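The next block holds one structure in the form of structure tokens; read it before the comments.
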């Protein structure tokens, strides 16, 4: 009997935990967990939630660079698909030109298209071989799809459709992280926000200024202030955000993948807390259930 999609998803999760165990073994043997350079993780499929100005634009690029995964900002994806005149882009443009909202089906289709065609989304393990006395461990090289999803889902039906798409691929979300912050502080933050359009990196005139005034730290390209980054517009956006987000948060709490972080803290503190969430593991790398999964897909322990 061939393995099911559930078997494949479980195997990927098992291999991820094996990688974590290998890194711990390597550290105990050599004192050096690899080269120290950033490298692909086994898989990291996550949603980053938060109101405008909470710090998604600061943290998402750091996650992308640290873990070598793709950052899927749905607004950027939509504009890209329209500009490229893809089938999905043409369908979305027709709806927008008529004043309608792009359907959940089209948005999930764009995410799936990115997972299939964006090289940065195709993450994976490297092969490993360790030997000490009679101890030898060989490790599989398996391809994974890893991403940060930003700006989607905004409703429970969207969340359910996203889960169904991932399930059909034998995948599931690892984390849903919500950056939480008081609305009053957001108003102070957002009115001084500066953005690098190409990368999405964000700065603040007071709280997180660029090294050189109005220039991106990495490329030196000009920064902009968005026209809708003003107090009146923000307050309206926050009302909509809270109305939409609460049911989605409850949905993911029910799935046991939601975590909240106090985003009023200094960005470096938020970053360390994010790393703590990604590093959490309470499961042994190879369990009896894991052995059964390996047997079902034709791999013995």
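Cβ coordinates come from backbone N, Cα and C, glycine included.
All annotation found in TrEMBL is predicted automatically rather than curated by experts.
Listed ranges 192-229, 230-267; the one TrEMBL annotates as region 'LID' is 192-229.
Check TrEMBL against the ranges 13-42, 43-72, 73-102 and you find region 'NMPbind' recorded for 73-102. Counting in whole angstrom, residue 53 (ATP binding site) lies 26 from residue 100 (AMP binding site) by their C-alpha atoms. Within 10 Å of the C-beta atom of residue 102 (AMP binding site) sit 19 other C-beta atoms, taking all shown protein chains into account. Sparsest Cβ environment among the binding-site residues 57, 100 (other Cβ atoms counted within 10 Å): 100. Averaged across the domain 'Adenylate kinase active site lid' (193-228), the predicted model reaches a pLDDT of 91. Separating the Cα atoms of residue 226 (AMP binding site) and residue 193 (ATP binding site) is a whole-number distance of 8 Å. Residue 226 (AMP binding site) falls outside any helix or strand according to DSSP and counts as coil. Secondary structure at residue 193 (ATP binding site), as computed by DSSP, is strand.
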